[in-house]
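Novice: Under the heading NAD(+) binding site, Swiss-Prot lists S13, G14, N15, I16, S164, A165, G166, P167, G168, T169, R170, A171, N172, N291, citing sequence analysis as support. Swiss-Prot lists C133 with the feature active site, acyl-thioester intermediate.
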Amino acid sequence: MASEKLKAAIIGSGNIGTDLMIKIMRHSEHLEMAAMVGIDAASDGLARAARLGVATTHEGVEGLTRLPVFDDIDFVFDATSAGAHVKNDAFLRALKPGIRLIDLTPAAIGPYCVPVVNLDAHLDSRNVNMVTCGGQATIPMVAAVSRVAKVHYAEIVASISSKSAGPGTRANIDEFTETTSKAIEAVGGAAKGKAIIVLNPAEPPVMMRDTVYVLSDLADRAQVEASIEAMAAAVHAYVPGYRLKQKVQFDEIAADVPLNIPGLGRFSGLKTSVFIEVEGAAHYLPAYAGNLDIMTSAALATAERMAQSLVQA
């Protein structure tokens, strides 16, 4: 007998929302795609949803509540913008207090969630924030070092193809850096975090690449490397295109020639450099859009576990 599936809606019919819809319909064990919500009647995402037999509305979150299927919806994925999510959460919560929102914007009303690091702690949350694409790719690496040694500082540089960044991503650049930096600390375990995003205009488009620099107490390098490799394998389980681009690199910062970290002061210890590449599954945009893929894959992995927990309960 097939397991019960819970109904889900997606707000935001752009690149992220459309990719997520395809993932749910092809791969979800516990969720059923029930509605696609947008604000542009001519958007490709709404057109695709309609062709696939999914209920659609171009009247935003208000339109969603007017759809006959709304009463049966348990999960809503929000792939709009940080500002819009705050309003969407309040509007939906007033009508259905128990509804689960998976926030794919940098709004961060609810706790940050990076599935491989802290999902178990948030299975009962009504609103979880998926940080950012850069956060989903890099925070696991910071956490991997954190479980071996105290991390004083972590800096990530996320480089994504300009073609993969839609208007929503571009409008949220400031929020991207702020939210990712905070989550590096809150989830990754760093005392201080910093995030940088680069939109690469290269043609042909390049795959998502991320660089992670971690400054920690001195530790056994083999243990740190093993922790990083194990964490990368865990992410790969739900993001098949996720991989370490090259071997982990280590540098020892001697006490007599310390680094000066703004806002942190002088540092000596172990510098760990991790280089990641994320190839997209090409469900909607081509394979270069790994940033899209890791965000939607993480969101789906989170909702799947939550739905499984609800069904079993």
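Glycine is no exception: its Cβ is also placed from the backbone N, Cα and C atoms.
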Novice: Under DSSP, is S13 (NAD(+) binding site) part of a helix or a strand, or is it coil?
Specialist: coil
Novice: Listed NAD(+)-binding residues S13, G14, N15, I16, S164, A165, G166, P167, G168, T169, R170, A171, N172, N291 - what's their greatest C-alpha to C-alpha distance in Å?
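Specialist: Among the residues the record ties to NAD(+), max Cα distance equals 17 Å.
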Novice: What three-state secondary structure does DSSP assign to G166 (NAD(+) binding site)?
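Specialist: Reduced to three states, the DSSP call for G166 (NAD(+) binding site) is coil.
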Novice: Could you state the CA-to-CA distance between the residue listed as 'active site, acyl-thioester intermediate' and N15 (NAD(+) binding site) to the nearest Å?
Specialist: 13
